[in-house]
């Protein structure tokens, strides 16, 4: 149960962060997550929490790297292989050695392998943290790609370097040849294991896709288990589990490119699930960092002020060294003739050396070298004992690693927003909402022109309007806007004029028209809030049932058969009663017929109002929908039709309505009123709404068929 509570609390932390960030959007989400994590550390579940590296790497990092691997293609990796090698391996190894040697000279009590251990721990970078810290800025495309590819592979480099350093600490000897052999075995072996397993899993998935009647229930669970199985198997044979899951992810990317538009349901469902998992896991990474901080702080407090200041100074120095190395590495000469071929990918990342922006790109790359929870996991993975003795300075290494993480995040959070230009979107959220509203109103108007049945019109209109992501609650006072009140009054004036028009007076009796006019006038006098409160409805219903029950008991009319006999006898013996019943029935039929005519006339009236506003390019037309709803409630009360039942609507009508939405967007793009990025967003929304609606319609039809069979 502890594991269940832990996962539940982590998910609650993610949810809480997503709520909090809406109120403080200027603070990077990563810092909010860390703060929430710190708060969670005081709960009983996370009290005295210490990160378990094996669990963290398997359950959190492996699926994240698998997802990141799926975003990369073999062609892209091949094209940028030299750059990846220089950043993820050469730069990582050089940084480890330089930082290790300098740290060894500063901390004279440390051995060189111990200093290398620290350097290896702080080598991995975290591109996700950078994206979180620079969410509102425009990161250069090449630099962003360099950071993403670097972090994708340098985790493995850091882990291998850490493994080598621990091996030296344990055995007391080091062989360059053995070290290189181990490095290439772990790295290349991990890639090979991941690639082979990836192709085997893809072959299994394709076979199941062709044979299974419902492949989603088999293929998607296989996809969810893939990163864990690949990571465990790769680690079991002594290779890099991280590189293995990245390679497997790239194979899955290749599979998607080969599948193209086949297996669309599996592909779309799988992508949606994995994207959700990726977002949650990336948030959990920062939560775990925050949860771990109080434990590290407790270790710091035991050191004393002097020792703490020394560690802070050392951490700052290490960060500055890495910053300088990254800057000059990105600034390296791209025009050396002997290395012209190798510099192609570097030019793609940081631009040509003669480019004025080259130094700027190098500076941004250096500052963006943020370290994250992988570094902390590697620090906590240090054994408590090595070679039969307590691991030297273990707590100190963990503290320094944590300080480097925080320093790198703080510097990036402060400097990058100042250095990078603000992100300029091609459209705002308000632009999107206004265009979406006009699109839905346009489609609603077009499709309603082809529908005469009022109930179908009402159901269809309500369903299409729900795409606006607004809660239509007529009892909410906030909807009683001046526009709504004015149009409601105009519509009621139209209704009164209609029932007193020549065509109406020639068709219906003065008595029916008079009664209907009184009903309409009474409703108008009651104001726009035409629905009674629940308490008032309950009292009114109770009084009616009490009155009817008293009459039935007094006259001995209880059962349905007794009521029928009483009615027949009354009609046969009481001519006045029979005449009144006939008059009442005739008047009721006239009222219902008049109500139906007015309903259709009102629909046409409001359709024309909407048509006029769309022609004038107005997007705020919700008040027309609210008035339509208010009038529909009135018409239902006149008919005494209080049932809120779903009216079956043909899927063909929905398909046609969505086609009108597509047409609106296409016309907007052609006319220049809708930019292409906004069009892509709207197309995606229409496509998703169409799939959901057709699925709901199919389910509705299936339920109706089942009920009819029963």
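Just so you know, glycine gets a Cβ as well, placed from its N, Cα and C.
A TrEMBL annotation is a machine prediction, not a hand-curated record.
Record note: among 83-103, 104-124, 83-103 is the stretch given as transmembrane segment by TrEMBL. Matching 235-259, 335-359, 360-384 against TrEMBL, the residues noted as transmembrane segment span 360-384.
Matching 159-183, 184-208, 209-233 against TrEMBL, the residues noted as transmembrane segment span 184-208. Using the rule of three or more Cβ pairs under 8 Å, pairs at least 6 apart in sequence, the transmembrane segment (31-49) is not in contact with the transmembrane segment (83-103).
For the transmembrane segment (360-384), the residues of the chain that approach it from at least six positions outside its boundaries are 50-54, 56-57, 60-61, 117, 120-126, 128-130, 133-134, 139-140, 142-143, 146-147, 155, 158-159, 162, 166, 285-286, 288-289, 292, 322-324, 326-328, 330-331, 349-351, 390-391, 394, 397-398, 401-402, 404-405, 408-409, 411-412, 415-416, 419-420, judged by C-beta separation under 8 angstroms. Highest Cβ pair count under 8 Å relative to the transmembrane segment (280-300), across stretches 6-24, 83-103, 312-331, 396-418: 6-24.
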